[in-house]
Each structure stands twice: as C-alpha cells, then as structure tokens.
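Everything below concerns the one structure shown next.
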Amino acid sequence: MFKGLSKGSQGKGSPKGSPAKGSPKGSPNKHNRAATQELALLISRMQANADQVERDILETQKKLQQDRQNGEQNQALQHQQETGRNLKEAEVLLKDLFLDVDKARRLKHPQAEEIEKDIKQLHERVTQECSEYRALYEKMVLPPDVGPRVDWARVLEQKQNLVREGHYGPGMAELEQQVAEHNILQREIEAYGQQLRTLVGPDANTIRNQYRELLKAASWRRQSLGSLYTHLQGCTKQLSALADQQGRILQQDWSDLMPDPAGVRREYEHFKQHELLAQERSINQLEDDADRMVELGHPAIGPIQVHQEALKMEWQNFLNLCICQESQLQRVEDYRRFQEEADSVSQTLAKLSSNLDTKYGFGTGDSSGSPTELLLQLEAEEKQLAIAERAVGDLQQRSQEVAPLPQRRNPSKQPLHVDSICDWDSGEVQLLRGERYTLKDNADPYTWLVQGPGGETKSAPAACLCIPAPDPEAVAKASRLATELQTLKQKLSTEKNRLKAAAVEHLQPGQQAPAGSAPADPQGQTLLSQMTQLDGDLGQIERQVLSWARSPLSQSSSLKDLEGRIHSCEGTAQRLQSLGAEKEAAQQECEAFLSTKPTGSAALQLPVVLNSVKNRYNDVQSLCHLYGEKAKAALGLEKQIQEADRVIQGFEAALALEGPVPEGSGALQERVSELQRQRKELLQQQACVLGLHRQLKATEHACSALQNNFQEFCQDLPRQQRQVRALTDRYHAVGDQLDLREKIVQDASLTYQQLRNSRDNLSSWLEQLPHHRVQPSDGPSQISYKLQAQKRLIQEILGREQDQATVSRLTRDLQEALQDYELQADTYRCSLEPALAVSAPKRLRVISLQESIQAQEKNLAKAYTEVAAAEQQQLRQLEFAKKMLRKKELDEDIQAIHSARQGSGSPAHARTAESEVLKTQLEEERKRVAEVQRDLEEQRQRLLQLRTQQPVARLEEKEVVEFYRDPQLESNLSQAASRVEEEGKRRARLQAELEAVAQKVVHLEGKRKTMQPHLLTKEVTQIERDPGLDSQVTQLHSEMQRLRGENGVLTARLEELKDELLALEQKEMNVKEKVVVKEVVKVEKDLEMVKAAQTLRLQIEEDAARRKGAKETVAKIQARIKDLEQAISSVEPKVIVKEVKKVEQDPGLLKEASRLRSLLEEEKNNNVALARELQELQEKYRVVEKQKPKVQLQERVSEIFQVLPETEQEIRRLRAQLQETGSKKSGVEQEVEKLLPELEVLRAQKPVVEYKEVTQEVVRHEKNPEVLREIDRLKAQLNELVNTNGRSQEQLIRLQGERDEWKRERSKVETKMVSKEVVRHEKDPVLEKEAERLRQEVREAVQRRRATEDAVYELQNKLLLLERRRPEEQIVVQEVVVTQKDPKLREEHSRLSRSLDEEVGRRRQLELEVRQLGARVEEEEARLSFEEDRSKKLAAERELRQLTLKIQELEKRPPALQEKIIMEEVVKLEKDPDLERSTEALRRELDQEKNRVTELHRECQGLQVQVDLLQKTKSQEKTIYKEVIRVEKDPVLEGERARVWEILNRERAARKGREEDVRSLQERIDRAEALRRSWSREEAELQRARDQASQDCGRLQRQLRELEQQKQQKARQLQEEGRLLSQKTESERQKAAQRSQAVTQLEAAILQEKDKIYEKERTLRDLHTKVSREELNQETQTRETNLSTKICILEPETGNDMSPYEAYKRGVIDRGQYLQLQELECDWEEVTTSSPCGEESVLLDRKSGKQYSIEAALRCRRISKEEYHRYKDGRLPISEFALLVAGETKPSSSLSIGSIISKSPVCSPGPQSTGFFSPGLSFGLTEDSFPIAGIYDTTTDNKCSIKAAVAKNMLDPITGQKLLEAQAATGGIVDLLSRERYSVHKAVERGLIENTSTQRLLNAQKAFTGIEDPVTRKRLSVGEAIQKGWMPQESVLPHLLVQHLTGGLIDPKRTGRIPVPQAVLCGMISEDLGQLLQDESGYEKDLTDPITKERLSYKEAMGRCRKDPLSGLLLLPAMLEGYRCYRAASPTLPRSCVR
C-alpha cells in the first residue's frame, strides 16, 4: 500500500538503513535490535490497516454509486447503514495510522515522510467519501434566501479551549491517547483553513487572526506532546531495563549452592567493560534533556520531574546492587577455592597415609625392596608432606576469612549478625552501607527479615546483606586437616627410624661376608667409605639445589626469598669447592690403591663408586652454576619489574588524579605543556622498559639452559613473562593516553582562540554602536535622517546575527571537546580501578572552564538581544515621532482651512469632521499596535519552539515563496568561488609538498595505511529555489566537503609525523666512535645503501606521479569553477523578476553563504598551520639531507654478522658430541644404579655358595651360551638401531620435502600442519636447488632488513642531533620526475598469467590421462597375474594327479612286468614336461618355506629381545645378578658386552643428534618461511608454479614411460621363459627317473622343513603367549598423532610471529578479524588405539573435547576411501578432513530467495506467509519433493554436483542446464552437502553454478517466485501470467511440468504444492494446459542419458535416478568418458577389475 515500502524497502517493513539481524552493526546493542523489531511490527500493522482502509473506500464508492443510481431512478436508498459503518471503521483505522506514523517518525524510519503522505491521501479520500455520503443521504432543503451559516468564532473558541485545557501524561498510556486525540484535532483545525480562506464578511479578518492563533497553539501543543513522548519513552525503557537487571541480581542464589559463579563473573565483567558506560551516558542524556525541558518551561514539568526522580533512584539502586554483586561473587569464589584446596590437601594426606600403611608397613609382607630403597622413597614422601604442611598452614590462615555461605540457606537456630554491603532505598526499606543488623528469619532466600540497631524490623533484600566471617565449618575442616597432618608426621618419623635400623642390620652381614673368603683390606674399606661419604654429601647438595629450582618464589616477598636463595647458593658453591678438593685427593689415593691390583670386594666396588662420584660431582657443579646464573638473572628481572611498576604507577597516578581544566585564558596551553612534559618524561623512562625486556631475555636464556641440561622447568618464568607483558601494555597505554589528551587539548585550544577572537570582535562592535535618540529640537528633516540611519543600523544588527551564531557554535564545539577530554580521563581512570566506575559518586559533568565559557556566551547573547531590542524600540520611537510631526502639520493645515472658510459651515460640522479624522487615525494606530503585538507574539512563539525543538523535527510550510537573485549575494558567491579556487590551489601545492616530505620520512619506518575520509551524508529539508543558484551551492558544498576530508587526512598525517619526529628527538644517541672510524675507512660503498637509494628514488617517482594527478584534479576543478561562473553570468535575472510576486532574500542561501565564509576562514587557518608545520618538516629534513651519512653510516654494521656454514656445522657437531656424552653419562648412571643393589645383595650372600658356583662355571664352560645369546641379542638390537637410523634419514628427507612445499604455500597468516607420522620420500635435486636459492634470498632479505634498520636508526640520530642545533629555515626546491607504468611489463605480466593458466590446464589434462592409464595398467597387471597364477595352479594340480596315478599304477603292476616294460620306456623314451613343471613348483615352494623359516626365526629373535627387555624391566635384580657374576668369570665376554653397549650408546646418541638436527632444521625452516613471506614476489610465484607444472608433467611422462617399459619387459621375460621351457623339455624327459627320486627326497625334505616350521610356530606361539602375559598389566597401546591448526600473524615491524590475541592487543587486527581467526584455530589429534579387536582411529578436537571416529565416518559415508587415502598421503588438509569426519557444514546465513520466497516444506514444514500478500486459502495443498539434485558417479561410487559433472564431461551441458532450471523452478539450487536450497544469485556467490547461465536460471526461477502484474501491481503465478498474456506458454511449460512431477504446481501467494486438477478449479491454469501437463505421452524428451546417450524426458530421468540414503536426494547415474569406453570394450569383466 505505502509507496515508502515499495521503494527499496528490504523486506517486511524493515528500514532501509537498519542492520539485519546478526550483522556486526546491529548485534552489540540490544536496544537497536528491540527498536528494529518494534519498527517491523509497526510497519506490518500499518500495512494491514492501510489495506483495510483501501478496501473500505472501494466498497464505499461502489455502494454510493449504486445508491446514486437508485436515487436518479427514484428508488429507495439501500446501502446507507453499511456505507456509514465502513466510513466509521475507516476513520478509526486512520486515527490509529496517524498515531503509528508518529511512532515510525520517532523510531527514525527512513521513509516515514512518504508513508505519511500516503496516509494523508487516504484521509483525503475518506473525507471526500464522507462529503459524498452527506451530499447523498443528508440533503437539507433550505429556503432560497437562507444559506449555510457557521459560527466560526464559537467553533474556533471551542477548539482553542480544547487545545488550552489539554493534559500531559502522567503515564505513557494516557500520553499515547492524548497524542492520538490531538492528531485528530490538528487535522480538523487544518481542514478549517481551506474554508476560512474563502470566507468573506466584516469579521473575516478577526476570524482568520483567531484561526492563526489557534493553529499556533495546536502546533505548540503537538511539539510539546512529541518531545514529552520521546522523553518518557526513553525513561520507561531505561526503568524497565534497570528493573530487569536489579531483578537478576536480587533473585540470584548467593549461598554455597550458587550455580555457575564463573559464568556470572564473566557476564558481570563483560557488562562492566562494555555496557556500563554506555548505559550511564544514556541516563545522563535523559537527565540533561529533562533539565533542559524544565528550564525552557515545558508545559509537562510534573511528569518530567517524576520520571527524572524515579530514574535517578533506580540508577543509584542499580549501582549499589553492582557493588553487592561484586562483593558476593568474591565471597562465593573464595569459599569455593577454599573448599577445593581443602579437598585436594585431604586427598593428598589420605594417599600419603595409605602409602605408609602399604609400602612401609612392618610385618605386612607387602613392602618390597631393600631398606635403602625404601628410605629413598620415604624422602620423596617427606617432600610431599612438607608441601601439604604449607598448604594446611595457608588453609588455617584463610579459614578465618571465609564467609559462612551455607548459613545463608539454612534456617538459623539463633540470631545472627549480618552486615549491609551497600546503600539501598526502595521507598519502604532503607539500608546504610556498613551498618550491622540482626537476622531474624531467612526462610525466603531472596528477602530476609532483619532487626536494626534501633529495634525496628524490616524486610531487606538478601543480596544486600552478608554474614561476616569466619565460617565454623571451614575452621573445623582446617583444624581437622592439621590434626591429620601431625598424625601423619609422627607415623612417618616412626617408619623412618625403623627403616634406618633395618638398613643398619641389613648391612652388617654384608660387611662380614668377605672375611670367610678373602682377607679384609682396611685401606680399600677406608677409601670406599670416604667415597661413599662424598657421594652422600654431593647428593645432599644436589637435592638442596633442585629444591630451590623446583619451588616457586614467595608471592609476598619474592626479592627477599630470591636473595636468600642466592646467598645460600653461594655458600653451597663454596662447600662444593671444598668437596671437590676432597674428591681430587681421594681420587689420587684410589688410583694409587688400584694400581697395586688389590683383591677383595672393596677393590671390586671402588672403581664403580669412584666413577659415580666423579660424574655426580660434575653434574652437581654444573647444576649449581646454572642455578646461580638463573637466580641472578631472576633477581635482576624482579628488581627491574618493581622499578618499572613504580615508574608506570607514578604516571598512572598523575593521569588518574588530573583535575578539570581551570578557568583562565592560558589554562589550555598550560595543560598542553604539562602533558608534553609528562610525555617527555615517559620517553625518558623508555630505557626502563627496554631494560625489563633485556632482563627477561637473560632470564629465559638461563632457564632454557637449566631445562635443556637437567630437564628442570623454572616455575617463576611464566609469571614473570605475564608481568613483563602487563607492564609493557600499561606503558603503551600511558603513552596513548597522553597523546590522545594532548591532541584533544590542542584542538580545544585552537577552538578557544577562535572563540575569543569572535567574541571580542562582537563585544567591541556592540560597545561602539551609535545612538540616534530623538531630541526636542529635532525637526522633520533631522527625524527622517535619524530614521534612515536607524534602519541601516537595524540591518547591520541583523547581519551581525551570523557572528553571534558563530560564537554559539564555537562555544558548543569547545564544550564538546572538553567533555570528550573528561570522558577519556574517566574511562582511563575506570580502567585503572574497575570499582571506581561503580562506587565513586557521579561527578559534575561541567567543569569550571566550561562554566565560564557558557556564562560568557550567555552574557554576550543577552547583550546582543538587548541591543537589538533597544534599537528596534528606538526605530519605533523615530517612526512615532515622524508620525506625530506629520499629524501636527495636518492639524495646522486643517486649522488654516477652517479659518479660511469663515463660517461656511457650522461649528458642529467642524467638530464632527475633526472627530472623524481622529477616529480614523485612532483605528490605524490600533491596527498597527495589534499587528506589532501579533508579530512580537509570533517571534516569541517561534523562539520558544526553536528552543524546545527536537534534533529530528519535521518542518511544514504551507506558503511557497519565490526568490530572486540578489546581486550582492551573487557577487559574494563569485568571490567565495574564487577564494575556493585559490584555496584549492594552495592546498594542492601544500599537499604535494607534504606528501613528498612524508614519503621521505615514512620510508624509514615502513609504509602505513592512509586513513580514508568518511562520507558524511546530511539530510536536509528541500526548499524551492532558483535552479542555477541551487546547483552552484551544491557544487560548492561538495567541493568544501572534499577539501575538508583532505584536510582531515593531511591533519592526521601531520600528527603522525609530529609524533614520529618527537619520538625520534627523545631517543638517546648510542654512537661507537672507534668502530665508526675503522669501518668508514674500510667500506667504500654499501650495497644495501645503494638499494635503499634506489628504493627512495622509486618512491620519489611515485610521489611525482601523485603530484601530477593532483595537478590534473586542480585543473579540472578550475575548469568546473569557470564553467559555473560563465553559467552565473549568462543567467538573466530580469525574466525571473517579472515572475516574482514577493521579493525576499532566501534565508537558507544567506546562512549557507555565511557558513561558507566561516568554513573558508577555518580552512585558511588550517592551511596556515599546515604550512607552518610543513616548513618545520622541510627544515628538519633539509638538515638531515645536508648532513653526510658517512659519519653514522656503519655504526651498527659491526653488530650484524652471519654465522658461517662451517661454524654451524661445528656447532652441530659439538652439540651432538655434548648430547652423546650426556647419553653416555645417563647410561653409566643407570648401570651404576642397577649395580649398587646387586653389590649389597652380593655382600649379603654366603661366600661358599657363590664360590662353588663360580668355580664350576669357570671349569666347565669356556663360553657361556647365555652370554652368546646375549651378544646375539645385542647385535640384533644394533641392527635394529641401524634400521632406525635409516628411518630417521628417511624422515629427514620427508621433512625437507615438506619444507620445500611449505615454502611455496605459506602466506602472511599461515596454518601449520604438524604430523608425527613418518612417510618415505625421495630427494628431489630440483627442490634442493630451489631450497638453496630460497635460503640465499632469505639471507639477502635479512641483510636488507638489517641495513634498513641501521639506516633508520642513523637517520633518527641525525635528526635528533640536527634538531638540537636548530639551523635557519631554507627553501628547498626539488625536481620531481613523473613516471608511468611500463606497458611492456604489463603485457609481459598478462602473457605470463595466460601461459600459467594454459600450463595448469595442460597439467590437469595430463594428470587425468595418467590416472586413466595407471588404472588401465593396474587392471592389465591384475588380469595377467590372475591368469598366470591360475594357469600355474592348474598345471601343478594336473601334474600332481598324473604323478599320483602313475605311482598307483606302478604299485599295482607286477614287479617283473614293471621291471621289464615301464622302467625302460620311461628312462629311454619319454620326457615328461608336467613332471618338470611340478619339480620346479616344488623347488619354489621349498625356497618359500625356507624364506618363511628365516622370517620366523628373525621374528622369534625380535620377540625374544622383547621378552628379555620385559624381563629386564620386571625383574632387574635377577638379571643384573647373573650378569655381575659372569662379568667376574669371563672378562673377554665382558669386553665384548662393553663394546656392544658402547656401539649401542653411540647409535642412540647419533639418533638423538639426528633428531636434534631435524628439529633445528625445522626451526630454521620456520624462521626462513616467516622471513620469506614478507619478501616473496608475484613473478617468482608464477615462475615457480610454471616450473613445478613442467616438472610434474615431465615426472608423469617419465612414470608413464617406465610403466610401459616394465610392461614390455615383463612380456619379453614371459616369452623368454616360454622359449627356455620348450628347449629344456627334451632334456628333462630323459631325467624323469632321477626327478622322481629327487621329488621323493624333496617331499621328505619338505616334510622335515614343515616339522621345523611347526616347531618354530609352536615356539612363536609360546613367545606370543609370554608377551601377551607380560602386556596384560599394561593398558591398550595408544598411538597419538598431533595434528594442530595454529594461526600465526607476522608482525609488520619486527617480522616475528604473533598469535591472533597478541595481534589484537597490539592493534594489528581489529576485533572482527580476531574473532574470525580464533574460530579458524583448532587442535586436532588423531588417536589410534590398538587392542585385541584391532586398531581404531578417532579424531579428537582438543579445543572442544569432541571425538569423531574415522571408521564410523567411513561406514556412514561421510567420507570416502579416496578422501581417506588423500588425507593419509598428506594431500587433504586436516581442517577439511576433520570437518568431513565430523559432518559439520557452515550454516546457511539467509533464506534461499528474497523475503517472499519461503523454504521448501521439506526443510521448513510450517506454513509461512509474506508481509506483502494475504495468506489466501490453503485447501488441496500437497507436500513437494526434491528434483534431480546431482550426479551419481558410478566409477568412484561418489556423488557430485551438476556443475562438477559438466566440468568432468560426465554430463551433457544442455542436460545440466535443464536440470539446474528444474531446480530453480521448484524452489532453488540444491546444495548436496547441506541439503539447503538457494536462489540463483546466492548459488552464484556460493559457487554452485556458473555465471554464464544466470539469466536462463532467473527466468526459470520466476516459475517459483511468480511475476508482478504491470497493471495491478499484484503478484501472479506463471499460470495466471500465461492466461493474461504476460508470458508465453512454450517457455513456461517445462517449468510447470517439473513442478507437477515433483509434487504439484506452486502459487507464490500460498505455501505448499497444488495438484493440477485443483489448480484448474482455482483458475490458476487453463484446462488445456492442465491436460497437457497430465498427458505423459506428450512429454518432451529434452534430456540425454549420461551412460546410454539416449534421449529421455524428465520423468524418465527421475525414474533412472538413485536415491541418496543419507539426504534422500535424487542422483542421476553417470560415469567418466575413459571408464565408459573401457566398460564398453570389456563388458564381461567384474566391477572390481574395472575399478
């Protein structure tokens, strides 16, 4: 109905500019979403009401026409009542429409004006119908002399009383009713105006004046109601929102059973950071509006004040509840944290107690191990107990602070004291913060009954009250834990004493054991005890140092704790030195003792103990040294952190305590200087932050050394890193805050200076005004002169009104700037102290400087108004004096006439004439006074309206005024145009110069993005003007807007340059003079500087090109301005003057001209400032250019170095040696630890038994078989290590290949795919060369970057030095060279692009051919192998049967006969080929069996190795015992064993070294890739892609040739074997007898070998059983493969990798990009579980915790085998494969087609209706089904889309187009993955269809959406369009046929499908068309079968389709061309062979 809705509305009445749901603009604010929903509902309701009014009008017209005909035929009028009812209903609906349109205007609907026009048209039509109704039904027959009379005075007085007595509010419901009533009254009053214009009579003027006053009063009341409604609506919304928020807080359970405290905390923090300030600004705005309305005397002061007080009270209560919420949340979190830690400590104590009872219990029989081992384990238990003791002490201290939360929900048996957390005032109940009450009843969890200090009882909200600490349960729990701890400590000390005694008893037999066998050696025993003592001391020192390294620092006093540890570490180091001296002395004694070759147990143990002591001493010394370095670095870092925190806190405190700007002329400048001083001090403290980062790097280096050597992680490092990052962020935040405040104050200072100048000029002008007072002696001429002068003065005063407006505008701008300054300060203060924004009282929003400025502006405005009024009064006095003089002259003339007549008339007649003259003069004076009063009242009312006018107000003017061209205004406009042209030229020059300087400075720091100017769209009310002047003003306005935008860009650029220069000035110099002098002498030319100079030259050329473009733009603007001037001069104003009736000056043009003047002045000032800044920059840069760069050129070159490849190799070799030494050391330590228990066991054994066993073994066995087996096992293990080394080499090759691939694919934001699986690849020499070239490029890039950094640093230092010298200004003239793009280079680029596309196409074609040929080769090989195996098997079986028959015949025949006949014939005459083949087969079988036996033997050896390893790990003591005894027996075998172990250790060390090399290589690859991303070129990428394509093509061709050669070679081999077999047939027949005997022997050998195999298999089964028994105690083996997707962002300045969060915090990306990258990050982990049932692989998303089974995905066909193999081969990324396995797809963001197209009923079965059509009837509707959705590939057993099938030549393009048109005609293009349907445009965007077929698909889509009738503007279905002739039947028939076949026809006005018979009955289609659709024999066969190539109809195609079991979609079978040809050639082959 509405025109506004039909012009570009976006569906269902949503406003054009309103953001859609879920858009970034609409989502952050709930109020915007609510307003959008309310507006949509409002528009839909207005649409329905307007449609109903339209129907009522049409029906009324019809009824009136019928009754009018009845009246003409003298018949009765039949429709009077029905017509009256329709008109009444229409009037009621119009009333609602007028109310709704006001709401739409307040909600800022963009088309509200057009909607209101439509409603007015409806109202006029209803009014016309009402007049026709009255004319027809209410005819009154009046006498001829009596006409219609209306008492207009009484009617207008009644309306005036209604307007005057109208109420305001007090609520929203009453106010809405009042607005509706006044709108009706306003329309009635406006309707009176049409009749009063034609009113004639004596009282016509009085009635018109009365009507005019009534109209003004009604307009005033309407504006008052509108402003009141807007204000009360905002207050109501805020009150409801505050009530909801208060209710959520009050209804929360704050006891220990509170659900999800973490979620409540997150929600509260989010509200505090993002919504609190916005809500406070909204409430402050409402309060300001209320204050302004009360100040201006709004008639509804009462409701406004009531709502204002309610809003203030609710806001204060809400802030108090926020305090309560934060306090209650803190109590709940403390309580839960205490309970969790107490439970953890309790579990720890229980576990320790259980260990003491089970492991160390005396007499229980469960304790295992020697007492020494148990003592060592007990020491670990003591450490855990010490940690638990500290935790219990902490819990006891915190138990006194935990609040008793359970008492909040439990009814109290005795009165409890509760404290009030905040102030609360609900009217009935008042609470004071900190006051204590007595709890009487807490049965209601949300409202408690408390008793105050005075004895009064009140019901208070429970959220505002808290029960004070401590919690009795928490105290009891802490005490109980302390008791358990003491008990456990006593038990542990008891067990420790018992174990020590047992250890002493256990050692005594071992000390006496050697006495029986050998004499004791006292020197050996002494040395052994001394070395044992040293080992114990070293172990104690090691444990002490490790305890320092593992325990974190104290949080409260970290410095003291760290200093104490360093002091203790120094003491430990001194003690270690003394132990080292003792160790050296003891070592010399031991070596001297061992050189005498002593005997005895001490001599045997002494070498081992000595080696152990030496190794431990080295380890402890290294550990102590590393920890000392780490502790010193950490101490320096802690001191630096405290120093930086102190410095930053000082700046933050200064910024937080900064007060408002004081009153005074120089206050702003003082504030600017203060901020600059603080910024300089901040830059001076930059060294503190840099030192902080240096200390952090030193600490990280020390911690990494400790971790790499001893695997000890530093517990304090993460905390220190977080503190450093936080301090850095705070430092940058302080700097940003200072810059922002300085910029705001500087802008405010400039505005304040302009304000002072304007105010002073206006004040001085007001003081110097002339006074034209009337003097008694003035005559008529003097009065006339003063009157003319006074009029000129009045005109000048009116002209000065613009200056007064400028002062007001500047005052407003300055106040806004100062308010922004305060807002920024408050925001920063709240960020420092989060509770300040809630707890602090609301401060005054107007500071002292604002008050003074506002007072001065008010005084100035008052003085101006008084002067204007006084001068107006003076003008009236002069006019009155002139009239009085004229009257006096008239009286004198009259008197002269009377005296001259001499009695010609009577005196009475003279008096009568005189009285008539006086009466006429009196009437004239009265009229003038009334007119002046009326004008004054109009001005007063207008002034009041302007003051109370809302920002968005509608201006209605009924009077149309024609304007003429003012010559003065035209001259002013021409002058303004010329000045604009001059300013444009000056700006162009300044811009070119500024850009040149900016480019030269910017290239030192890098390119920055320029800020694009924002487009400012301003909606203005259109006024009819002269077209020529209007176009000129529009053009000038656009030019000024463009210049202002450019000025903003230049100002921003200038500010950036100033900041950079200031930062460069503050940096300190760090010049190394010696290095400079030496390197200046040596270096003559620097290649990097040459490159930098070339780059600078290129940038200068680019700047010249930009300058040329700017000049061309200026020339265009000048030509445009000249054209405008010519157009202005060509206009003839004389013609326009003739048409003008009312000559006035256009106030809009006057204001526009004055505004242009002010803008020009501002632009001049800005240009002056820019020129001054430009001169400064030029001076600075000129000084930099003059200074020769040789002094500082090589300042940091000495620091730039590159490690030589030989050095890197040496470092790697040393690192490998170091790791090998470490591995040897660890192996020796493990051996020593294994041998020590054995020594004690040997000591405890009886010497006789040991001696006899040794003697027997030495005598009887020279070589022990077990030792030999052990040697064989170790050799096998050595072979296994060699194989592992080979696999590592293969892994290295694979990683190198992946590195090269990553170098080609990685970009700015990279996705790292980390896989731990090993895939074997071969080295590619081409890729190796490419990698070397890339490394060289990376090194060159690093050198260029470092050289650039050096140049930047040098120029900064030069600039700093030259700035201090302050040289004189000079003008620099530079020659700029204009460059253009080379067309040859552009053609070469396009040619390379085309050639790359051709190469890609050829490569894909070759890949397709190779795949087809590969498949054919595999099929042929499979067929040949199958036939060969089958023929061999048949031949062997036939030979076996023949041999069996022959043997049976020989056995059955008599011996003589056999001897005479058979044997001779066989030997002499026959050669049996079958027997020969059988023999060969048996030989091959024998070889296979031998190989199998060998493999089984090898497997048996491997299993034996595993069994030995398991036995070794399970029972180490027994194994080591045997080895120790045999070591003593056979030193040869011991040497062999030592050698094998040495080889094993070397192999392990080598493997670790290779793994370290692989890791280092991977890291270098990552670093190289990170640097390469920023230096890659597009041409290099194209060239590499082309080379890769050619390489792949060559490789594929080579593979194809190799396959063909292999095939030919196999064929030749088969032929050669056949020929050789035929040649050997004759000779083999002669040896048949021998072969038969050999066969018998072979059969016997085979049986023997089978027996051996069976024996081996039995042994293997036993070993398997043993292995399975050993693995029973272990869990199922699980292999995990980490596959993570991590987003890295390259930092623009340093080139380092950053996470998305770091990039977002540093401002590199915005919040939207951060959220998008955060969603892309995932951490997939492939977990493969091996169990007896097999292996099972699942994908685990470590980020969300979800698991997805790969086997289940294969079974459910979410993935295919091809995709699985691609993933295993690394060709499918993990992210895509994980999404396929999980079955997740991206959700559809919108519906398929527009707002009027609903989804298919399959997807959304509920009925839907649109906002533009009535629902209609829904009878006879059926559900639809999907059309043919895709193609089923029979070759790969997969589905694909129609677009992909056409691209693969599986489907005819015409058939594909028909299938897509069928989808579009039945609801949209189908997406096979998501089963969603999309419109044609959406499908093009998603890539489902091609762009070439869009138009045909759009035509087909009309069958679903319908078309619009050009005449009636109604939506028609295609059947109706055919009947009306709007569409041809031939083009629509296929679409209707598809709809009929898929469920029925589609009517766009209804949901669901309609059968053809029902459509014929409804008139949707004709009967002929219905018969044509139902006749299946006449269906056109326009489709082609992809397999059989026969023509078929759409129904036949649907019959041949296969239905997808998952989605239910129809898929048309098809196959590839190559497979189709092969199947046609060999149709009898099975499917497996074909595939």
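For all residues, glycine too, the Cβ spot is worked out from N, Cα and C.
Between Ser1425, Ser1576, Ser1668, the residue that has phosphoserine written against it in Swiss-Prot is Ser1576. Same-chain residues lying 6+ beyond the ends of the region 'Disordered' (63-84) with a Cβ under 8 Å from its Cβ atoms: 129, 132-133, 136-137. If one looks beyond the repeat 'Plectin 3' (1819-1856) by at least 6 residues along the same chain, the residues whose Cβ comes under 8 Å of a Cβ in the stretch are 1760, 1762, 1800-1802, 1805, 1862-1863, 1866-1867, 1870, 1872, 1887-1890, 1938, 1941-1944, 1946, 1950-1955, 1958, 1982-1984, 1986-1987, 1994, 1997-1998, 2001-2002, 2004, 2007-2017, 2019, 2034-2035. Residue counts of the repeat 'Plectin 4' (1857-1894) by helix, strand and coil are 20 helix, 4 strand, 14 coil (DSSP-based). With helix defined as DSSP H, G or I and strand as E or B, the repeat 'Plectin 6' (1933-1970) counts 20 helix, 3 strand, 15 coil.
Summarised as a single figure, the pLDDT of the coiled coil (842-1664) averages 67.
Broken down with DSSP, the repeat 'Plectin 7' (1971-2008) shows 14 helix, 6 strand, 18 coil.
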